[in-house]
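A quick write-up on the structure given underneath.
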Amino acid sequence: MYLFGIACGSLFVGPISETVGRNPTYLAATFCYLFFVLGSALSKSFGGFIVCRYLVGLFASATLAINGSSVRDMFRPVKRAFVFPVIAWANVAAPAIAPIAGGWITTAPSLGWRWTEWITLTISAFAFLVALLFLPETYLPVLLDWKARHLRQATGSARYVSHHAASESFTQRLKTKLAMPATFFTTEPVIAVLGGYLILLYALLFSFLSGFDYVFKNTYDLYTGLEGACFGAIAAGATAFTLLAPGLYSWARHRTAHVRGSDVLPEFRLWPAMLTGPLLPLSLFWLGWTASPAVTRIWSALGACFLFGVCLIAIYVSAYEYIIDSYAEHAAIALASITMVRYFIAGGIVMAARPMYEGIGVHWTMTLWGCVAVLLAPAPVAFWWWGKGLRERSKFAVGELGGQEGEKSQTRAS
(Lines of atoms letter the chains of each structure in order from A and count residues from 1; the text may use other names and numbers.)
(Lines give C-alpha, C1' and ligand atoms only; values in the text may rest on other atoms or scores of the structure.)
Protein backbone atom coordinates (compact mmCIF):
# COMPACT_ATOMS: atom_id res chain seq x y z
CA MET A 1 0.00 0.00 0.00
CA TYR A 2 2.92 2.32 0.66
CA LEU A 3 4.12 1.87 -2.94
CA PHE A 4 0.63 2.42 -4.34
CA GLY A 5 0.45 5.61 -2.27
CA ILE A 6 3.66 6.90 -3.85
CA ALA A 7 2.28 6.11 -7.30
CA CYS A 8 -0.97 8.01 -6.67
CA GLY A 9 0.78 10.98 -5.09
CA SER A 10 3.14 11.31 -8.06
CA LEU A 11 0.15 12.22 -10.24
CA PHE A 12 -0.19 15.47 -8.33
CA VAL A 13 3.12 16.59 -6.83
CA GLY A 14 4.90 17.28 -10.13
CA PRO A 15 2.15 19.53 -11.52
CA ILE A 16 1.63 21.21 -8.14
CA SER A 17 5.36 21.97 -7.82
CA GLU A 18 5.32 23.62 -11.26
CA THR A 19 2.34 25.74 -10.24
CA VAL A 20 3.00 26.83 -6.64
CA GLY A 21 6.74 26.05 -6.43
CA ARG A 22 9.00 23.32 -5.11
CA ASN A 23 9.32 24.64 -1.56
CA PRO A 24 5.60 24.70 -0.61
CA THR A 25 5.14 21.27 -2.18
CA TYR A 26 8.01 19.73 -0.20
CA LEU A 27 7.04 21.29 3.11
CA ALA A 28 3.29 20.66 2.97
CA ALA A 29 3.73 17.06 1.80
CA THR A 30 6.41 16.30 4.38
CA PHE A 31 4.32 17.72 7.23
CA CYS A 32 1.42 15.42 6.25
CA TYR A 33 3.87 12.55 5.85
CA LEU A 34 5.07 12.97 9.44
CA PHE A 35 1.50 12.97 10.71
CA PHE A 36 0.71 9.62 9.07
CA VAL A 37 4.03 8.02 10.07
CA LEU A 38 2.96 8.85 13.63
CA GLY A 39 -0.40 7.25 12.86
CA SER A 40 1.35 4.08 11.64
CA ALA A 41 3.37 3.88 14.84
CA LEU A 42 0.29 4.29 17.05
CA SER A 43 -2.15 2.23 14.99
CA LYS A 44 -4.09 -0.37 16.99
CA SER A 45 -5.67 -2.24 14.07
CA PHE A 46 -4.42 -3.74 10.84
CA GLY A 47 -6.91 -1.70 8.81
CA GLY A 48 -5.78 1.55 10.39
CA PHE A 49 -2.16 0.66 9.79
CA ILE A 50 -2.80 -0.09 6.09
CA VAL A 51 -4.60 3.23 5.59
CA CYS A 52 -1.78 5.13 7.30
CA ARG A 53 0.87 3.35 5.21
CA TYR A 54 -0.97 4.29 2.02
CA LEU A 55 -1.14 7.94 3.11
CA VAL A 56 2.52 7.89 4.15
CA GLY A 57 3.37 6.84 0.59
CA LEU A 58 1.00 9.42 -0.88
CA PHE A 59 2.83 12.29 0.81
CA ALA A 60 6.31 10.75 0.53
CA SER A 61 5.91 10.96 -3.24
CA ALA A 62 6.83 14.66 -3.22
CA THR A 63 10.51 14.14 -2.47
CA LEU A 64 10.77 11.08 -4.71
CA ALA A 65 9.05 12.59 -7.74
CA ILE A 66 10.52 16.10 -7.90
CA ASN A 67 13.96 16.00 -6.25
CA GLY A 68 15.56 15.53 -9.67
CA SER A 69 13.83 18.69 -10.88
CA SER A 70 15.21 20.61 -7.91
CA VAL A 71 18.71 19.51 -8.89
CA ARG A 72 18.07 20.84 -12.39
CA ASP A 73 16.86 24.14 -10.94
CA MET A 74 20.02 24.66 -8.90
CA PHE A 75 22.91 23.36 -10.99
CA ARG A 76 24.26 23.93 -14.46
CA PRO A 77 24.36 20.92 -16.82
CA VAL A 78 28.02 20.03 -16.26
CA LYS A 79 27.76 20.27 -12.46
CA ARG A 80 24.60 18.16 -12.48
CA ALA A 81 26.67 15.22 -13.70
CA PHE A 82 28.56 15.31 -10.40
CA VAL A 83 25.71 16.28 -8.05
CA PHE A 84 22.83 14.13 -9.23
CA PRO A 85 24.50 10.73 -8.54
CA VAL A 86 24.54 11.66 -4.85
CA ILE A 87 20.80 12.42 -4.92
CA ALA A 88 20.19 9.22 -6.87
CA TRP A 89 22.21 7.27 -4.30
CA ALA A 90 19.79 8.39 -1.58
CA ASN A 91 16.81 7.28 -3.70
CA VAL A 92 18.31 3.91 -4.66
CA ALA A 93 20.24 2.96 -1.54
CA ALA A 94 17.41 3.66 0.91
CA PRO A 95 15.31 0.61 -0.12
CA ALA A 96 18.49 -1.47 0.13
CA ILE A 97 19.69 -0.11 3.48
CA ALA A 98 16.28 -0.08 5.23
CA PRO A 99 15.99 -3.92 5.37
CA ILE A 100 19.42 -4.08 7.03
CA ALA A 101 18.32 -1.96 9.99
CA GLY A 102 14.76 -3.27 9.86
CA GLY A 103 15.86 -6.89 10.07
CA TRP A 104 17.71 -6.32 13.33
CA ILE A 105 15.11 -3.98 14.85
CA THR A 106 12.11 -6.24 14.25
CA THR A 107 13.87 -9.31 15.67
CA ALA A 108 15.19 -7.54 18.78
CA PRO A 109 13.08 -8.67 21.79
CA SER A 110 13.18 -5.23 23.39
CA LEU A 111 12.16 -3.31 20.24
CA GLY A 112 9.74 -4.76 17.67
CA TRP A 113 8.32 -3.47 14.39
CA ARG A 114 6.83 -0.26 15.82
CA TRP A 115 10.33 1.01 16.44
CA THR A 116 10.93 1.12 12.68
CA GLU A 117 8.16 3.74 12.55
CA TRP A 118 9.48 5.72 15.52
CA ILE A 119 12.99 5.84 14.07
CA THR A 120 11.60 6.88 10.68
CA LEU A 121 9.56 9.62 12.36
CA THR A 122 12.58 10.95 14.26
CA ILE A 123 14.85 11.12 11.21
CA SER A 124 12.12 12.60 9.01
CA ALA A 125 11.15 15.22 11.59
CA PHE A 126 14.76 16.40 11.78
CA ALA A 127 14.94 16.61 7.97
CA PHE A 128 11.66 18.56 7.90
CA LEU A 129 12.97 21.05 10.45
CA VAL A 130 16.15 21.61 8.42
CA ALA A 131 14.09 22.10 5.24
CA LEU A 132 11.71 24.49 7.00
CA LEU A 133 14.61 26.67 8.11
CA PHE A 134 16.95 26.51 5.13
CA LEU A 135 15.25 25.13 1.97
CA PRO A 136 14.99 27.85 -0.70
CA GLU A 137 12.55 28.04 -3.59
CA THR A 138 14.35 26.96 -6.78
CA TYR A 139 11.76 26.90 -9.59
CA LEU A 140 12.55 29.84 -11.87
CA PRO A 141 9.01 30.67 -13.16
CA VAL A 142 7.71 30.85 -9.58
CA LEU A 143 10.67 33.02 -8.54
CA LEU A 144 9.84 35.38 -11.41
CA ASP A 145 6.21 35.40 -10.24
CA TRP A 146 7.35 36.48 -6.81
CA LYS A 147 9.63 39.16 -8.26
CA ALA A 148 6.85 40.55 -10.46
CA ARG A 149 4.44 40.62 -7.49
CA HIS A 150 7.02 42.50 -5.41
CA LEU A 151 7.54 45.06 -8.19
CA ARG A 152 3.78 45.58 -8.54
CA GLN A 153 3.50 46.20 -4.80
CA ALA A 154 6.54 48.49 -4.74
CA THR A 155 5.63 50.58 -7.79
CA GLY A 156 1.85 50.33 -7.87
CA SER A 157 2.09 49.46 -11.57
CA ALA A 158 0.26 46.44 -12.97
CA ARG A 159 2.62 46.10 -15.95
CA TYR A 160 5.00 43.80 -14.05
CA VAL A 161 3.69 40.31 -14.81
CA SER A 162 5.81 37.21 -15.35
CA HIS A 163 5.28 35.07 -18.43
CA HIS A 164 4.37 32.17 -16.12
CA ALA A 165 1.44 34.12 -14.64
CA ALA A 166 0.45 36.03 -17.78
CA SER A 167 -0.14 32.96 -19.95
CA GLU A 168 -2.93 31.47 -17.80
CA SER A 169 -4.66 32.05 -14.49
CA PHE A 170 -3.44 30.10 -11.47
CA THR A 171 -6.46 27.78 -11.57
CA GLN A 172 -6.09 27.13 -15.30
CA ARG A 173 -2.34 26.47 -14.96
CA LEU A 174 -2.98 23.95 -12.20
CA LYS A 175 -5.77 22.27 -14.15
CA THR A 176 -3.60 22.00 -17.28
CA LYS A 177 -0.58 20.61 -15.47
CA LEU A 178 -2.52 18.10 -13.35
CA ALA A 179 -3.60 16.30 -16.52
CA MET A 180 -0.07 16.01 -17.93
CA PRO A 181 1.59 13.18 -15.90
CA ALA A 182 -1.11 10.68 -16.83
CA THR A 183 -0.55 11.33 -20.55
CA PHE A 184 3.26 11.64 -20.69
CA PHE A 185 3.86 7.91 -20.41
CA THR A 186 1.66 7.15 -23.43
CA THR A 187 2.54 10.12 -25.65
CA GLU A 188 6.28 10.58 -25.05
CA PRO A 189 8.54 7.77 -26.43
CA VAL A 190 11.45 8.89 -24.24
CA ILE A 191 9.32 8.48 -21.11
CA ALA A 192 7.85 5.16 -22.25
CA VAL A 193 11.17 3.44 -23.06
CA LEU A 194 13.36 4.81 -20.26
CA GLY A 195 10.40 4.46 -17.91
CA GLY A 196 10.21 0.80 -18.88
CA TYR A 197 13.87 0.39 -17.97
CA LEU A 198 13.33 2.02 -14.58
CA ILE A 199 10.24 -0.10 -14.02
CA LEU A 200 12.37 -3.22 -14.52
CA LEU A 201 14.98 -1.96 -12.04
CA TYR A 202 12.44 -1.16 -9.34
CA ALA A 203 10.49 -4.34 -9.99
CA LEU A 204 13.71 -6.24 -9.35
CA LEU A 205 14.66 -4.20 -6.29
CA PHE A 206 11.28 -4.58 -4.62
CA SER A 207 10.92 -8.23 -5.63
CA PHE A 208 14.12 -8.79 -3.67
CA LEU A 209 12.33 -7.54 -0.55
CA SER A 210 10.22 -10.70 -0.75
CA GLY A 211 12.63 -12.90 -2.68
CA PHE A 212 15.65 -12.65 -0.40
CA ASP A 213 13.86 -15.16 1.84
CA TYR A 214 14.43 -17.69 -0.90
CA VAL A 215 17.74 -16.41 -2.25
CA PHE A 216 19.51 -16.27 1.11
CA LYS A 217 17.38 -17.35 4.07
CA ASN A 218 16.20 -20.67 2.64
CA THR A 219 19.26 -21.35 0.50
CA TYR A 220 21.96 -20.50 3.03
CA ASP A 221 19.92 -20.91 6.23
CA LEU A 222 20.40 -17.31 7.40
CA TYR A 223 18.23 -15.77 10.10
CA THR A 224 16.29 -12.56 9.54
CA GLY A 225 18.97 -10.12 10.71
CA LEU A 226 21.68 -11.54 8.46
CA GLU A 227 19.24 -11.93 5.58
CA GLY A 228 18.53 -8.20 5.72
CA ALA A 229 22.26 -7.51 5.90
CA CYS A 230 22.64 -9.11 2.46
CA PHE A 231 20.98 -5.98 1.03
CA GLY A 232 24.24 -4.30 1.99
CA ALA A 233 25.80 -5.78 -1.15
CA ILE A 234 23.32 -3.84 -3.31
CA ALA A 235 23.94 -0.67 -1.30
CA ALA A 236 27.71 -1.18 -1.63
CA GLY A 237 27.41 -1.45 -5.40
CA ALA A 238 25.35 1.73 -5.56
CA THR A 239 27.90 3.50 -3.36
CA ALA A 240 30.80 2.34 -5.53
CA PHE A 241 29.24 3.84 -8.66
CA THR A 242 28.44 7.10 -6.86
CA LEU A 243 32.08 7.47 -5.86
CA LEU A 244 33.32 6.63 -9.36
CA ALA A 245 30.74 8.73 -11.25
CA PRO A 246 32.77 11.99 -11.33
CA GLY A 247 35.72 10.20 -12.92
CA LEU A 248 33.47 8.40 -15.40
CA TYR A 249 31.80 11.63 -16.52
CA SER A 250 35.15 13.40 -16.85
CA TRP A 251 36.45 10.53 -18.96
CA ALA A 252 33.34 10.54 -21.17
CA ARG A 253 33.47 14.31 -21.61
CA HIS A 254 37.07 14.19 -22.81
CA ARG A 255 36.43 11.17 -25.04
CA THR A 256 33.66 13.00 -26.91
CA ALA A 257 33.30 16.44 -28.45
CA HIS A 258 32.06 17.84 -25.15
CA VAL A 259 35.19 19.72 -24.18
CA ARG A 260 35.00 22.08 -21.26
CA GLY A 261 32.67 24.99 -21.94
CA SER A 262 30.85 23.35 -24.86
CA ASP A 263 27.18 22.48 -24.98
CA VAL A 264 25.99 19.33 -23.22
CA LEU A 265 23.56 17.23 -25.23
CA PRO A 266 21.11 15.05 -23.28
CA GLU A 267 22.61 11.98 -24.99
CA PHE A 268 25.87 12.62 -23.15
CA ARG A 269 24.10 11.44 -19.97
CA LEU A 270 23.67 7.93 -21.39
CA TRP A 271 27.28 6.77 -20.99
CA PRO A 272 26.77 4.97 -17.66
CA ALA A 273 23.66 3.15 -18.92
CA MET A 274 25.39 2.10 -22.13
CA LEU A 275 28.31 0.66 -20.15
CA THR A 276 26.25 -1.12 -17.50
CA GLY A 277 23.19 -2.13 -19.55
CA PRO A 278 24.77 -5.45 -20.67
CA LEU A 279 25.95 -6.11 -17.10
CA LEU A 280 22.42 -6.00 -15.64
CA PRO A 281 21.25 -9.31 -17.17
CA LEU A 282 24.66 -10.77 -16.32
CA SER A 283 24.14 -9.94 -12.63
CA LEU A 284 20.69 -11.55 -12.67
CA PHE A 285 21.82 -14.74 -14.40
CA TRP A 286 24.80 -14.87 -12.05
CA LEU A 287 22.57 -14.56 -8.99
CA GLY A 288 19.97 -17.00 -10.28
CA TRP A 289 22.33 -19.82 -11.19
CA THR A 290 24.95 -19.60 -8.46
CA ALA A 291 22.68 -18.99 -5.43
CA SER A 292 23.01 -22.53 -4.15
CA PRO A 293 25.27 -24.03 -1.47
CA ALA A 294 25.89 -26.94 -3.84
CA VAL A 295 27.31 -24.57 -6.48
CA THR A 296 29.15 -21.78 -4.64
CA ARG A 297 29.49 -20.12 -1.28
CA ILE A 298 27.35 -17.16 -0.35
CA TRP A 299 30.04 -14.70 -1.50
CA SER A 300 29.23 -15.39 -5.15
CA ALA A 301 25.57 -14.42 -4.69
CA LEU A 302 26.64 -11.30 -2.79
CA GLY A 303 28.97 -10.43 -5.67
CA ALA A 304 26.04 -10.64 -8.08
CA CYS A 305 24.04 -8.34 -5.79
CA PHE A 306 26.96 -5.88 -5.74
CA LEU A 307 27.02 -5.82 -9.55
CA PHE A 308 23.24 -5.36 -9.60
CA GLY A 309 23.64 -2.35 -7.27
CA VAL A 310 26.15 -0.78 -9.68
CA CYS A 311 23.84 -1.32 -12.66
CA LEU A 312 20.80 -0.12 -10.71
CA ILE A 313 22.15 3.32 -9.90
CA ALA A 314 24.07 3.76 -13.17
CA ILE A 315 20.95 3.23 -15.28
CA TYR A 316 18.84 5.26 -12.83
CA VAL A 317 21.23 8.22 -13.03
CA SER A 318 21.47 8.06 -16.83
CA ALA A 319 17.71 7.83 -17.35
CA TYR A 320 16.86 10.61 -14.91
CA GLU A 321 19.52 13.01 -16.15
CA TYR A 322 18.54 12.36 -19.76
CA ILE A 323 14.90 13.11 -18.94
CA ILE A 324 15.81 16.20 -16.89
CA ASP A 325 17.88 17.59 -19.78
CA SER A 326 15.30 16.61 -22.40
CA TYR A 327 12.22 18.08 -20.73
CA ALA A 328 13.82 21.14 -19.11
CA GLU A 329 11.00 23.21 -17.57
CA HIS A 330 8.62 20.22 -17.65
CA ALA A 331 11.12 17.87 -15.97
CA ALA A 332 9.07 17.60 -12.77
CA ILE A 333 6.00 16.39 -14.67
CA ALA A 334 8.06 13.98 -16.79
CA LEU A 335 9.71 12.48 -13.70
CA ALA A 336 6.38 12.35 -11.86
CA SER A 337 4.90 10.39 -14.76
CA ILE A 338 7.67 7.79 -14.55
CA THR A 339 7.47 7.64 -10.76
CA MET A 340 3.73 7.04 -10.93
CA VAL A 341 3.96 4.04 -13.28
CA ARG A 342 7.11 2.69 -11.65
CA TYR A 343 5.60 2.48 -8.19
CA PHE A 344 2.24 1.17 -9.38
CA ILE A 345 4.04 -1.77 -10.98
CA ALA A 346 6.49 -2.14 -8.08
CA GLY A 347 3.52 -2.41 -5.72
CA GLY A 348 2.10 -5.24 -7.80
CA ILE A 349 5.48 -6.95 -8.03
CA VAL A 350 5.84 -7.04 -4.24
CA MET A 351 2.63 -9.05 -4.07
CA ALA A 352 3.55 -11.30 -7.02
CA ALA A 353 7.20 -11.89 -6.11
CA ARG A 354 6.71 -14.47 -3.36
CA PRO A 355 4.42 -16.70 -5.47
CA MET A 356 6.98 -16.47 -8.31
CA TYR A 357 9.87 -17.57 -6.11
CA GLU A 358 7.72 -20.32 -4.59
CA GLY A 359 6.32 -21.48 -7.92
CA ILE A 360 9.31 -21.52 -10.27
CA GLY A 361 12.20 -21.07 -7.86
CA VAL A 362 15.10 -18.63 -7.64
CA HIS A 363 16.85 -19.96 -10.77
CA TRP A 364 14.01 -19.42 -13.20
CA THR A 365 12.70 -16.24 -11.58
CA MET A 366 16.09 -14.59 -12.04
CA THR A 367 16.35 -16.04 -15.55
CA LEU A 368 12.98 -14.49 -16.45
CA TRP A 369 14.07 -11.09 -15.16
CA GLY A 370 17.41 -11.46 -16.91
CA CYS A 371 15.72 -12.09 -20.26
CA VAL A 372 13.66 -8.91 -19.85
CA ALA A 373 16.89 -7.03 -19.03
CA VAL A 374 18.48 -8.39 -22.23
CA LEU A 375 15.60 -6.95 -24.27
CA LEU A 376 16.01 -3.51 -22.66
CA ALA A 377 19.82 -3.39 -22.74
CA PRO A 378 20.01 -1.75 -26.23
CA ALA A 379 17.69 1.12 -25.18
CA PRO A 380 20.45 3.58 -24.12
CA VAL A 381 22.37 2.95 -27.36
CA ALA A 382 19.18 3.52 -29.36
CA PHE A 383 18.63 6.86 -27.63
CA TRP A 384 22.27 7.77 -28.27
CA TRP A 385 21.63 7.49 -32.03
CA TRP A 386 17.97 8.50 -32.39
CA GLY A 387 17.18 10.45 -29.22
CA LYS A 388 17.61 13.85 -30.87
CA GLY A 389 14.97 13.03 -33.50
CA LEU A 390 12.52 11.86 -30.85
CA ARG A 391 13.02 15.04 -28.86
CA GLU A 392 12.49 17.24 -31.92
CA ARG A 393 9.14 15.55 -32.59
CA SER A 394 8.02 15.92 -28.97
CA LYS A 395 5.64 18.67 -27.92
CA PHE A 396 7.32 19.12 -24.54
CA ALA A 397 10.97 18.06 -24.93
CA VAL A 398 13.70 20.46 -26.01
CA GLY A 399 14.95 19.50 -29.44
CA GLU A 400 18.48 20.68 -30.03
CA LEU A 401 20.36 21.31 -26.79
CA GLY A 402 18.72 20.05 -23.64
CA GLY A 403 21.75 20.79 -21.52
CA GLN A 404 22.22 24.27 -22.92
CA GLU A 405 18.54 25.05 -22.36
CA GLY A 406 19.01 24.20 -18.71
CA GLU A 407 22.11 26.38 -18.56
CA LYS A 408 20.29 29.32 -20.11
CA SER A 409 17.57 28.97 -17.50
CA GLN A 410 20.17 29.07 -14.77
CA THR A 411 21.77 32.14 -16.32
CA ARG A 412 18.42 33.94 -16.42
CA ALA A 413 17.82 32.99 -12.80
CA SER A 414 21.06 34.53 -11.69
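Easy rule for this one: first residue shown is 1, then count along the chain.
Backbone N, Cα and C define each Cβ position, glycine as well.
What TrEMBL says about this protein:
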DOMAIN    1-414  domain 'Major facilitator superfamily (MFS) profile'
TRANSMEM  45-69  transmembrane segment
TRANSMEM  81-106  transmembrane segment
TRANSMEM  118-144  transmembrane segment
TRANSMEM  190-209  transmembrane segment
TRANSMEM  229-249  transmembrane segment
TRANSMEM  270-292  transmembrane segment
TRANSMEM  298-319  transmembrane segment
TRANSMEM  331-354  transmembrane segment
TRANSMEM  366-386  transmembrane segment
Selected stretch (most C-beta pairs under 8 A with the transmembrane segment (366-386)) from 45-69, 81-106, 190-209, 270-292, 331-354: 270-292
Leading contact stretch, 45-69, 190-209, 229-249, 270-292, 331-354 vs the transmembrane segment (81-106) - CB distance under 8 Å: 229-249
Proximity of the transmembrane segment (45-69) to the transmembrane segment (190-209), 3+ C-beta pairs under 8 angstroms: no
Cβ-Cβ under 8 Å with the transmembrane segment (118-144): same-chain residues at least 6 beyond its ends: 17-18, 20-23, 26-27, 30-31, 33-34, 37-38, 41, 69-70, 73-74, 101, 105, 162-164, 329, 409, 412-413
Chain residues outside the transmembrane segment (190-209) and at least six past its termini with a C-beta under 8 angstroms from it: 3, 92, 95-96, 99, 184, 215, 231, 234, 273, 280, 284, 308, 311-312, 315-316, 319, 322-323, 326, 334, 337-338, 341-343, 345-346, 349-350, 352-353, 356, 365, 369, 372-373, 376, 379, 382-383, 387, 390-391, 394, 397
